[in-house]
Amino acid sequence: MPKVIGLTGGIASGKSTVSELLSVFGFKVVDADKAAREAVKKGSKGLAQVREVFGDEAIDENGEMNRRYMGDLVFNHPEKRLELNAIIHPIVRDIMEEEKQEYLKQGYNVIMDIPLLFENELENTVDEVWVVYTSESIQMDRLMQRNNLSLEDAKARVYSQISIDKKSRMADHVIDNLGDKLELKQNLERLLEEEGYIEKPNYGEGD
């Protein structure tokens, strides 16, 4: 019977890379970030609700959500984050549920790629939780390089989530991403072999 696995981790922990690798191994990935973008795409009901609640500044000159403005707003005002989540989350859940059911019907194991799985208390909606683990210092380095953030801003983003150590303790399986991409792939393959998703290579001498 196909399984539904919740994949999560800290910000900049390498979760997207793991998702890509899992899709290569035959899993179907349902991406919460992608669903969230779809929920407020240009012309959508979700975006109309965002404009109604947050005003015209929430929409950019192309008629799309002003992500920089909204990102700063919800990061600095937790009550605004709750208002935005109240609009987006129900739409995102519907999009993800529909996609998940379609894949299950076809017999695929499904990865629910959800950055804030524990923060939104969604662990009971999946069969297992896998956490991509890295150190906080690596998270901050990646954020500073990838998002061009100062150390203080990177720290603020890392500490706005449940710590990666706590998430790891709550997980069914932890995927170590303290090394490079090759090591990450090897760690993931080891887990998939142990759990029976892929066969262990046969290093025997043959017939």
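Numbers here mean position along the shown chain, with the first residue as 1.
Cβ from N, Cα, C; glycine included.
Small disclaimer: the values here were computed from a predicted structure and weren't measured.
Residues annotated as domain 'DPCK' in Swiss-Prot, with sequence analysis given as evidence: 4-203.
The ATP binding site annotation in Swiss-Prot covers Ala12, Ser13, Gly14, Lys15, Ser16, Thr17 and rests on sequence analysis. Following the DSSP three-state reduction, the secondary structure of Ser13 (ATP binding site) is coil. Taking the Cβ of Ser13 (ATP binding site) as centre and 10 Å as the limit, one finds 26 other Cβ atoms among all the protein chains shown.
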Subject >> C-beta crowding around Ser16 (ATP binding site), within 10 angstroms >> reply: 17
